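Going by TrEMBL, these are the annotated features:
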{"type": "DOMAIN", "residues": "1-313", "note": "domain 'Myotubularin phosphatase'"}
{"type": "BINDING", "residues": "ASN23, ILE24, CYS109, SER110, ASP111, GLY112, TRP113, ASP114, ARG115", "note": "substrate binding site"}
{"type": "ACT_SITE", "residues": "CYS109", "note": "active site, phosphocysteine intermediate"}
Amino acid sequence: MGGGSESSSNYFQSEIVFFGIDNIHAMRESFARFRDYLDTHGAASSDGMSSFLRHGGWTWGGGNLSSMSASVSTLGDSGWLIHVQSVLAGSAWIAARVALESAAVLVHCSDGWDRTSQLVSLANLMLDPYYRTFTGFQALVEKDWLAFGHPFSDRVGMPSISGSSFELSRNASSTGSFSSSPLRQSSGSSQASNSSHAQNNYSPIFLQWVDCVSQLLRIYPFAFEFSSNFLVDFLDCVLSCRFGNFLCNSEKERQICGVDESCGCLWAYLADMRSSEGRSHAHYNLFYDTLKHNGPLLPPAAALAPTLWPQFHLRWACPFESQAGELEAECRNMAIKFSELQKAKEVAEMKAKEYLAAMEILNVDLQNEKQVSSSAMNLAKRASKENAAIQRAVQSLGCRVNFTNSSDSTVDVESSLMETSQRLSLPRRES
């Protein structure tokens, strides 16, 4: 309990590795500088005013040519991408030890809720393809963040409980140094006292982790079932407080508040969004290939250099640049058209089946009609033969038979012994 770290002499055949990932306070200050960079060098600031109007410049991007060239160094000074790279490198090291050496890795940080969750969940994402699907990503977040006990109320400003009541206000001891959002602290406020600095527990730890996931998605575009658009909507749902999944500081607090009974489910909401359009929805990754990356992802160190996540960080400042690339957009349009053609094909196939079924019924009816017609023809021929035989028999008796259109026939009987002829009326055979 005196601080420090474990002694390697107490852990034989083990290696103690320090990843050098900064604490929550360094991450919060880095993110504040990063947001200031976006406001200064973006096409528009977060409050809607064009940044070049705010700073008096005349060129695109908020400032003169020298300020535009200095923007790259300003981004580096924020430290945000360096922190993202540190988390990615540590997670890749853990995944490599497990995958290549079958080693057991124990991960912990000072508090246990922040860097531990980041590293373990990212290592799981690299090791197991299941966690790169929609259901696996949900299971990963539920396991390594929610059930593990990441304090979302303290880190993000989610509603929490006070005593036995449920309150929607943020912790008063943490909001004193913020004029608006807890993640938008200005660079000047970093001069607060050490005590207030220690009491401020806000930090974009979970947002940083999702940023790391987006970096892996950029490096391995075929390995993930979900797209960057899904990650953006997922973060928006988390930060909106519309759903109960991420409220409070722990699973116990959520049970005390009855979150499951009184709040909606984020995962069900996102699943309903995808079900409306099927595989053509923007949440699906068009390039996802289960056979291409069906094992661990072990990125080399050179591939772990992160870049700015434009879909999330630049969507308000530079909406056109934050959109997906032209190739992906064109592929998505082609996928939508293909889906429409597939549906039209299915409808045409159904109609063709109906037409074939109707033709089969008509063929059966035609065969029946042919059989009836053939039977009638045979009966007519038989009746004609019988009539001819009767006529010959009557004529052989010296009679003359006259058939009329009526149902009767007239038979004239002639005899040489009789002077007169006798006319008889006989009923005609109906057949």
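Start at 1 and count along the chain as shown; that gives each residue its number.
Every residue gets a Cβ built from N, Cα and C, even glycine.
Recorded features from TrEMBL, shown on the structure.
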{"residue": "ASN23", "record": "substrate binding site", "contacts (Cβ under 8 Å, 6+ apart)": "SER110, ASP114"}
{"residue": "CYS109", "record": "substrate binding site", "contacts (Cβ under 8 Å, 6+ apart)": "ILE21, ARG115, THR116"}
{"residue": "ASP111", "record": "substrate binding site", "contacts (Cβ under 8 Å, 6+ apart)": "ILE24"}
{"residue": "TRP113", "record": "substrate binding site", "contacts (Cβ under 8 Å, 6+ apart)": "PHE148, GLY149, HIS150, PRO151"}
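When the Cα positions of ASN23, ILE24, CYS109, SER110, ASP111, GLY112, TRP113, ASP114, ARG115 are compared pair by pair, the longest gap among these substrate-binding residues is 12 Å.
Listed in chain order, the residues near the substrate site other than ASN23, ILE24, CYS109, SER110, ASP111, GLY112, TRP113, ASP114, ARG115 are THR116, each with its Cβ within 8 Å of the site Cβ centroid.
Its Cβ placed at the centre, ARG115 (substrate binding site) has 25 other Cβ atoms within 10 Å.
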